């Protein structure tokens, strides 16, 4: 019986392309039909940020052949490739094995040094699934949905370039609206709490927490601090700035947002399914990849 697997590759990186060739051969020898696609299919909007419309919504990012018959997809690239691949697989409920051929690889499960072992475990089914929550980001004008994307990490909204103050009115569920003056705002998932939001002063959140966090970028008030709230509450961001803003989703999707637009952020029904070949303790991952909680090697003498 022929089984089906996907291969999502960062075609802009020679190392990822060469690795994909060997991985595809190995899968085909194990009687897999392999559907290979470029990770660029999950990048939405940046080629022409004025062109908002995704007529079929975020599910339009799912490549042809990626369906319920696919056992898994292997992602070859860095963290940006993984974020793009999430949009290509989550709506189809396809689990992904992330193999790092980039730099940090915070979202990577395996590396080139243990590639053969990882593929062997994958083929024999020696793996589990960890589900990560995602968001749906929509740009609305009146009742028209002008742009939409799935988001695994964060949505950032700011001026272009990021040089001057913006004003936002933000509505969270039934709570009173929040007014923020800052260089921009970030709405992130727990997965995204270790990315842009962390650099902007937001807290680290463990991946299993059902929350969203709002983090101002360089706020112009001591009262503006990161806010964490339940992910069941929809968020609407109203730009109160006369110039257009730039919205960036997961670092590789985005569009312009005009004063007459609003940005709607809501919990997605589609989680991103990560294949885990071994148990990962989250604090240990923080320690290994971000240096969190490391002991002081040398302390000053008294």
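Positions of Cβ are set from backbone N, Cα and C atoms, glycine also.
Keep in mind it's a predicted model, so treat the numbers as computed, not measured.
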Q. Can you tell which of 92, 218, 223, 226 Swiss-Prot lists as binding NAD(+) with 79, 80, 153, 154, 183, 194, 195, 196, 197, 198, 199, 252?
A. 218
Q: Work out the three-state DSSP category of residue 79 (NAD(+) binding site).
A: helix
Q: List nothing but the largest Cα to Cα distance in Å, as a whole number, among the residues 79, 80, 153, 154, 183, 194, 195, 196, 197, 198, 199, 218, 252 that the record says bind NAD(+).
A: 25
